[in-house]
Amino acid sequence: MVLAQLGGSISRALAQMSNATVIDEKVLGECLNEISRALLQSDVQFKMVRDMQTNIRKIVNLETLAAGTNKRRIIQQAVFTELCNMLDPGKPAFTTKKGKPSVVMFVGLQGSGKTTTCTKYAYYHQRKGFKPSLVCADTFRAGAFDQLKQNATKAKIPFYGSYMESDPVKIAVEGLERFRKENSDLIIIDTSGRHKQEAALFEEMRQVAEATKPDLVIFVMDGSIGQAAFDQAQAFKQSASVGAVIITKLDGHAKGGGALSAVAATKSPVIFIGTGEHIDEFEIFDVKPFVSRLLGMGDLSGLMDKIQDVMPADQQPELLAKLAEGTFTLRLLYEQFQNLLKMGPIGQVFSMLPGFSSELMPKGHEKEGQAKIKRYMTIMDSMTAAELDSTNPKLMTESRIIRIARGSGRQIRDVTDMLEEYKRLAKMWSKMKGLKMPKNGKMSDLSQNLNIQQMTKALPPQVLKQMGGMGGLQALMKQMGGKDMSKMLGGMGLGGD
């Protein structure tokens, strides 16, 4: 996950506070100082950090709290709220709608990853059912059209550009006319970047915008610049009518928190963040779920969106029926592994689970987790239909395990490890037996049939402990809003929207 170091530091500060025998001014002060230190190291402006401390102390007045009040929970809620306020510009961004043609213009400085981000943005919307297209109006940088052409071809997205024409306005207009005729409902225009903010860049952007009349202008910014993002975002907002911001390169830089908070201070909504070079390393940015993940509380609403993307609607009733029966077979595990691999980077997916520490899977270790899943799937490929569909653990005799190991080319230990993992997941799945199913068979309507006891029962003990027990889960539901939390639990097959 992005900002793993920052999230880990804040989570540790809250955990140390929670472990204290008595919560007094000294313990609160130490907790807030640790959180402030972590934010300053992430290049968040000093004034923002100081204001956050002041606001938390106003909310958490230990002297006026009634006896028996859960001080730990109030402090955690205050930290969550203030972090959200720090990253929330308080202004919604324009949203594209399927079937209704939208023109989106990308602007930014050279080297910010603008051209790559155009393709990621198009690919994201393509997976959501849009018909995107790309227009390269960047005639300043040599190789810009080649790069866009290569990226678009790989993602199977229609594109337009010219090696001969030097007028970006003419290219933009021609591309727009062409894709409107082809009924594209999302036309993305990539414009020229420069090494610095200069009059020529802003004038060219103004001309392209005047000719194409975009519904949205997106400013792409390098997240590694930290709090310097404030001046950059402000300048582009004033000169190019920027309606939204995408921050790139948040996967490997410690200053990402500074960039996010600085952009929010300009009242410009951040709509996506880039978390790597690959086309699927691109996340929608929503403040509450982002802070929830940062604090190790997960983002199961985001996970539910990913599940909905990869699981056809006609498969959902069958999955829900198995959930109600408490039936979890190896075949079902195999199918869920297939879905998991389609969801994108595994570290990004796991960071959406409550209790997952982003430091447990640094970026370099994601491939190991992915390889393990593929290894388990190879083992299951060597099983018979009876073995895959059985719920009887005694069926897996020693002779069967030896045969499966030989057939898959794996060690016996690998097979037993996979079976242990299956048993653990099956036990968790069985706890949802008897859950009342929605009449329409949709996972999205399951949340209204859940109660707090079922949620508590289904979550693994270590995850529940990380969330602060039943009280912590209730507090999290309150923080996220009941509906949002129900959506979040949907991502685990426990509910959703």
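Using N, Cα and C of the backbone, Cβ positions are placed for all residues, glycine too.
Listed in Swiss-Prot:
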- 108-115, 190-194, 248-251: GTP binding site (BINDING)
- 1-295: region 'G-domain' (REGION)
- 296-497: region 'M-domain' (REGION)
Open item on the list: Cβ atoms within 10 Å, counted per site: which of G111, T191 has the most, among these binding-site residues?
Closed with: T191
Task: Other CB atoms within 10 A, centred on K114 (GTP binding site) - done: 26
TODO: Pick the one among the binding-site residues G108, R194, L250 whose Cβ has the fewest other Cβ atoms within 10 Å in this structure.
DONE: R194
Open item on the list: Through the lens of DSSP with three states only, how would you label G108 (GTP binding site)?
Closed with: strand
